[in-house]
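For reference, TrEMBL has these:
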- B:30-50: transmembrane segment (TRANSMEM)
- B:57-85: transmembrane segment (TRANSMEM)
- B:105-124: transmembrane segment (TRANSMEM)
- B:131-148: transmembrane segment (TRANSMEM)
- B:179-199: transmembrane segment (TRANSMEM)
- B:229-254: transmembrane segment (TRANSMEM)
- B:266-291: transmembrane segment (TRANSMEM)
- B:298-321: transmembrane segment (TRANSMEM)
Amino acid sequence: MDTILATEDLTKEFLGFTAVSGVSLNVRRGSIHGLIGPNGAGKTTCFNLLTKFLQPTRGSIRFDGRDITGMKPAEVARLGLVRSFQISAVFPHLTVLENVRVALQRARGRSFDFWRSDKVLGQYDARARALLEDVGLHTHAHLLAGELPYGRKRALEIATTLALDPVMMLLDEPTAGMTHEDVDRIVALVRRVAQGRTVLMVEHNLRVVEGLCDTITVLTRGRVLAEGDYAGVSRNPEVVAAYLGTDPAISGAQAHG
Amino acid sequence: MAVQASALVGAPVNDAPGLLGLSGFGFNRAQSITFLVMLLLVVAGPFFLYPVLLMKLLCFALFACAFNLLIGYVGLLSFGHAMFFGTGGYLAAHAAKVWGLTPELAILVGTAFGAALGAVAGWIAIRRQGIYFAMITLALAQMVYFFYLQAPFTGGEDGIQRVPRGALFGLIDLRADMALYWVVAVIFLAGFLFISRVVHSPFGQVLKAIRENEPRAISLGYRVDDYKLLAFTLSAALAALAGSAKAIVFGIATLTDVYWTMSGEVVLMTLLGGLGTVFGPVAGAAVIVLMQNQLAELGAWVTVIQGIIFVVCVLLFRAGIMGELGRLLKVRL
């Protein structure tokens with residue numbers, strides 16, 4: 001098995017509170033890996049550790065054969081491990097097109113050119129439009145990103161991330177707070193962009209997880225409770241116990257699965 | 001199409017493209033017109049007002065624009081920008097007087113030292129944000145102030161006096177106020193346009209992204225500190241350019257220009273004119289310099305009046321002169 005991202009004994013303590021405790025995670029190259037668990041299980045902390053927005057108290061992280069434990073977040077992104085955020089991360093006062101262009105600019109250069117007119121960024125327009133078309137936003141290119149409806153912001157975020165052509169994408173709750181219609185669109189989008197990449201996603205909507213993820217890791221109280229495919233994990237009595245009462249969806253899934 | 005976009009948030013702003021190729025500096029139509037008005041005032045000014053007063057005004061306007069580049073477009077409040085303004089002044093004065101350089105080279109020396117100091121001070125300060133950033137810049141500026149107070153070449157309390165204006169490129173005698181005025185006017189306009197270009201450059205676009213959402217910029221792989229440092233250094237260099245020009249104009253470099261009150265004054269000018277607006281710092285500098293000139297006989301009361309203006313501005317006209325004017329006319333200025 002070809003592992004692209006591996007953590008060993010990953011631990012994060014905040015002033016006596018252990019948010020993530022001894023997590024050893026292995027993400028297979030080319031897979032869509034789901035990270036689920038009740039609220040406060042440490043999923044987002046885990047994401048922040050993996051992308052170096054937080055420094056782990058203990059443990060190590062390897063990405064694509066390289067130890068990234070001591071790296072800075074921007075360096076990790078440059079290696080091709082690019083994250084999204086739980087609260088939609090767009091640049092609200094930039095247009096939709098400019099949002100994508102900012103990412104292209106980083107990947108392709110010119111980001112320090114202070115003496116040139118920003119009209120030279122027009123050279124990235126064609127690529128930016130193609131990426132927007134990919135996520136169905138090409139007709140919105142000239143709107144300010146802050147004016148997009150929520151679901152479209154998530155799509156824009158994915159287009160911006162794709163502009164970097166990342167090896168691996170980390171998506172933090174890509175369908176949170178979305179209408180059914182938007183959820184379906186994002187699921188289709190994630191499945192499409194996952195071609196040739198690895199995706200690790202935190203997701204609350206278990207129907208999405210069931211439909212998308214090859215492997216699922218269940219976290220509770222900062223620890224790995226179970227790991228496997230959806231069918232296996234959802235039959236695990238410990239998982240059911242952890243979820244029961246907090247999220248009826250999994251017990252429902254358990255009943256018909 | 002940008003008009004359409006803004007219309008959706010209910011704040012219709014006329015963002016028609018700029019005139020006469022000024023859109024290359026990111027100017028919309030209203031800004032192009034304002035620029036032409038400003039150009040007219042700069043050209044016609046010395047025929048109506050004392051040129052030395054106007055040169056002082058232009059130097060402070062450029063200083064305020066340099067400061068605005070940092071606070072208005074990067075969101076960093078420096079409370080020590082006098083260290084660059086003063087450094088420009090001291091080094092330009094020293095270069096012109098002791099080394100005997102021509103004025104354009106002396107100004108270049110002042111600007112270069114200001115940029116170098118900016119790179120060092122910025123490297124230390126940008127690691128912190130908000131009030132801590134402001135305090136670090138203030139502390140560094142105080143250190144620089146005491147350096148100039150003690151350093152042998154600065155003349156201590158007396159400053160460097162009787163700095164010759166010299167001849168531009170060794171050819172054009174600048175002793176006449178009108179001759180020097182055009183040099184200062186060109187420096188101001190070039191500096192002003194340069195700042196507009198920086199703001200509307202590929203680099204400026206990254207700065208905007210960082211200001212809008214820094215964690216997202218980092219997650220896209222931007223080493224944001226490098227961009228902040230470059231912006232800080234550019235701002236410092238331009239502040240030093242303004243200080244250098246002022247030293248040549250008045251023929252002196254003194255501790256006043258490097259003291260913390262000067263850092264405060266540039267904050268006041270920028271706030272009064274409109275933080276983050278293109279023309280605000282110029283308007284704010286004009287108001288303060290002309291007011292100081294008109295009220296000079298009132299002595300220390302000028303400071304009191306400035307304080308009152310500051311309070312009124314913060315309480316009632318948060319957006320400053322150009323910000324409020326722009327809101328009234330529904331344009332960005």
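Using the three backbone atoms N, Cα and C, a Cβ is placed for every residue, glycine included.
TrEMBL does not curate its annotations; it predicts them automatically.
Of the recorded ranges B:57-85, B:229-254, B:298-321, the transmembrane segment (B:266-291) has the largest number of C-beta contacts under 8 angstroms with B:57-85.
For the transmembrane segment (B:131-148), same-chain residues at least 6 beyond its ends with a Cβ under 8 Å from one of its own Cβ atoms are 76-83, 86-87, 90, 117, 121, 124-125, 154, 255, 258-260, 263.
Counting same-chain residues at least six beyond the ends of the transmembrane segment (B:30-50), those with a Cβ under 8 angstroms from any Cβ of the stretch are 14, 16, 18-20, 22-23, 58, 177-178, 181, 185, 188-189, 278-279, 282, 326, 329, 331-333.
In terms of C-beta pairs under 8 Å, the stretch of B:105-124, B:179-199, B:229-254, B:298-321 lying closest in packing to the transmembrane segment (B:57-85) is B:229-254.
Against the transmembrane segment (B:229-254), stretch B:105-124 has more CB pairs under 8 A than any other of B:105-124, B:179-199, B:298-321. If you look at the transmembrane segment (B:179-199), the same-chain residues 6 or more away from its ends with a CB under 8 A from one of its CBs are 24-27, 39, 42-43, 46, 51, 54-55, 58-59, 61-62, 65-66, 68-69, 73, 103-104, 107, 165, 168, 172-173, 207, 231, 234, 238, 241-242, 245, 248-249, 278, 282.
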